Every structure is written in C-alpha cells, then in structure tokens.
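According to TrEMBL, the feature domain 'GHMP kinase N-terminal' maps to 53-130. Residues or ranges marked as ATP binding site by TrEMBL: P78, L79, A80, H81, G82, L83, G84, S85, S86, S87, S88. According to TrEMBL, the domain 'GHMP kinase C-terminal' annotation covers 192-268.
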Amino acid sequence: MKIKVPASSANLGPGFDSIGVAISLYLTIEVLGESDCWQVDHSLGDLPRDEKNMIVQAALSVKPDLHPRRLRVESDIPLAHGLGSSSSAIVGGIELADQLGGLNLAPHEKIEIASQLEGHPDNVAPTILGSLVVGCKVNGHFTAVKAPVPPFAMIAYIPAYNLKTSDARAVLPAEMSFKDAVQASAVANTAVAALFAQDYEKAGELMEADLFHERYRSRLVPELEIIRNLGHEHGAVATYLSGAGPTIMSLVDPQHISDFIDAVREAGLKDEIRRLEVAPRGAFWQE
Ligand SMILES: Nc1ncnc2c1ncn2[C@@H]1O[C@H](COP(=O)(O)OP(=O)(O)OP(=O)(O)O)[C@@H](O)[C@H]1O
Ligand SMILES: N[C@@H](CCO)C(=O)O
C-alpha cells in the first residue's frame with residue numbers, strides 16, 4: 001500500500017497564503033507493516049526516522065492511538081525550496097491516518113486539519129484536491145475552491161541554495177496601510193477572477209503585479225526579476241516566486257518551452273531547471 005502526494009507551488013503572485021497549484025513532483029509513502037515503534041526509512045538527509053518525523057506527527061495528530069508502522073518514504077520534492085515539501089508531508093500523514101485508522105475523512109475535513117497544521121491552505125488544499133485551488137480561513141474554519149487547470153507547462157528554476165519559509169517570512173512587513181491593502185487585494189481578486197474565467201493573458205499580468213510579498217523577498221532571490229523579464233520575451237505567461245522561494249515558477253506555453261529554457265541558460269543561470277506540469281489529482285492511494 002502506497003500513498004502518492006504531489007508537491008505544490010503557492011502564492012502565484014498576489015495569492016499570498018491563499019492560492020496554490022499541485023505540481024508533478026511526488027512524495028511516496030509505502031506502508032511496510034506493523035512495528036513496535038514508528039520507523040521511517042528514507043534517504044532524505046537528517047529528517048527524523050522515528051515518531052518525530054513530520055509525516056508521523058501529522059498522522060498522530062489525527063489519530064493519536066494509531067498502531068506504529070514501518071514506512072518507506074521517497075521524495076523528489078526538494079526540501080525548503082518553495083515546492084511545498086512540508087505540506088506534502090502533512091497531507092501524507094493525514095492520508096496515512098485516514099486509511100490505517102478507517103476514518104473516511106471527507107476532502108474538506110482533510111483541508112481543515114492540514115491547514116491548521118500548516119497555518120494556511122495555499123499548499124495543502126491543492127495537495128489534497130489537485131489542480132489550482134484558492135482558499136482562506138473564514139468564521140474559524142478553512143474553505144477552498146478548485147479552479148480550472150491552467151493549460152501551461154510549469155517550468156521551475158530551482159536555485160541550489162535553501163530558503164527556509166521562516167526566513168522568507170521574516171523579511172515581510174508586520175503591517176500595511178489600508179490604502180495599500182485595498183490595492184493589493186484588488187490585484188489578487190482580479191487575478192483570481194481571470195484564472196476562473198481562463199483569461200490567462202489577463203491572469204498573467206496580474207500574477208506579476210503582487211504587492212504583498214515579492215518586492216520584499218526579491219532581494220533574497222535575485223534571479224526572480226531576471227527570469228521574469230526573460231519570460232516576457234520568450235513565451236512565459238507569468239513568472240512568480242513559488243511559495244516562500246527560492247524556486248521561481250514560470251507558466252510557459254508548451255510550444256515555447258525550449259526557447260524559454262535556452263534564454264535562461266544564455267543569461268548565465270546555471271541551477272536546476274525542471275519541466276513540470278500541473279497535477280490534476282491530489283494525494284491518492286495505490287495498492
Ligand atoms: N518527506 C518529509 N518527511 C518529513 N519531514 C519533511 C518532509 N518534507 C519536508 N519535511 C519538513 O519540512 C521542512 C521544510 O519546510 P519549509 O516550509 O521550510 O519548506 P517547503 O515546505 O519545502 O517550502 P514552501 O512551504 O515555501 O513551499 C523540512 O525541513 C522538514 O522538517
Ligand atoms: N504562502 C507561504 C508559502 C510557504 O509556506 C509563503 O509565501 O510564505
């Protein structure tokens with residue numbers, strides 16, 4: 001029995017803490033059998049191999065009396081790179097508890113639990129539902145709405161350096177003026193409307209007009225402006241900082257992928273580039 005959990009890319013520009021898209025990199029959790037204590041076999045560096053592992057912690061937060069298991073975890077989601085690795089671990093743990101504990105949780109219940117653990121729904125909601133999802137907290141609970149799948153390749157430029165979410169949040173201001181907040185949310189609202197209307201030319205312009213976070217974070221990720229400008233000349237509909245960075249995500253028309261990647265390389269940017277897709281399906285079980 002295996003759980004496959006997609007990665008995710010949050011914010012899409014102005015959708016700070018609210019919008020995210022599931023993408024085609026996967027965390028796989030295989031249940032090897034019962035055990036005396038939780039054991040997590042993996043080759044993901046220093047991550048815990050016992051019940052302190054985030055996957056097990058998430059599972060136990062849902063069902064504290066879950067009998068320990070031995071798990072094998074594999075992942076092609078880079079850690080602390082803005083591709084939602086922690087959200088995928090949390091969602092994987094919730095799926096584990098759901099299946100092993102026979103809980104039969106509904107998607108909205110999984111979104112509630114996962115968003116409480118992560119603090120916001122932008123990564124966990126698409127990881128659960130698949131595709132592009134917009135969510136928020138309202139009246140003390142989390143809610144989310146799934147949007148049409150954008151018909152673009154997701155080209156990720158993944159800088160070699162790590163950027164912890166906590167560090168990328170530490171550079172944000174504690175407050176915004178009322179006037180600035182109104183303008184920033186107007187941009188975000190119109191971006192969401194364009195994504196649902198599938199007017200991607202308009203959506204792209206608005207996704208690049210964020211006023212909440214990118215201007216503060218771009219000094220931590222100087223490649224963002226370079227790639228965004230290249231995208232305008234080489235077939236990208238929009239380029240944004242993926243989650244808390246440092247990954248930079250570009251939505252590229254499939255026929256322009258090679259041209260776009262060549263332009264990034266010619267600009268001297270040498271770190272990893274992945275050709276990804278929107279994952280239309282959220283976390284699922286395989287026998
Ligand atoms: N497969 C995993 N198993 C256990 N813990 C994990 C796993 N993947 C990620 N984590 C935990 O999540 C942390 C990374 O979380 P962080 O929020 O900094 O980055 P991210 O989730 O990759 O990026 P972002 O939230 O910006 O998209 C890791 O240091 C580790 O503690
Ligand atoms: N919306 C979050 C994503 C990372 O958790 C941020 O940009 O900080």
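Note: Cβ is positioned from N, Cα and C throughout, glycine not excepted.
Quick caveat, the model's predicted, so the values are computed rather than measured.
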Those binding-site residues in P78, G82, G84, S86 whose CB falls under 6 A of ligand 1, listed in sequence order: G82, G84, S86
Entries of P78, G82, G84, S88 (binding-site residues) sitting next to ligand 2, with Cβ under 6 Å as the cut-off: none
Which listed residue (P78, G82, G84) has most other Cβ within 10 Å, given these are binding-site residues: G84
Cβ-centroid neighbourhood (8 Å) of the ATP site, P78, L79, A80, H81, G82, L83, G84, S85, S86, S87, S88 excluded: A7, I77, G243
Number of other Cβ atoms within 10 Å of the Cβ of S88 (ATP binding site) across all protein chains: 28
The domain 'GHMP kinase C-terminal' (192-268): DSSP-derived helix, strand, coil residue counts: 42 helix, 11 strand, 24 coil
Number of other Cβ atoms within 10 Å of the Cβ of S86 (ATP binding site) across all protein chains: 18
Per-region confidence, the domain 'GHMP kinase C-terminal' (192-268) (mean pLDDT, whole number): 97
DSSP residue counts for the domain 'GHMP kinase N-terminal' (53-130), split into helix, strand and coil: 43 helix, 7 strand, 28 coil
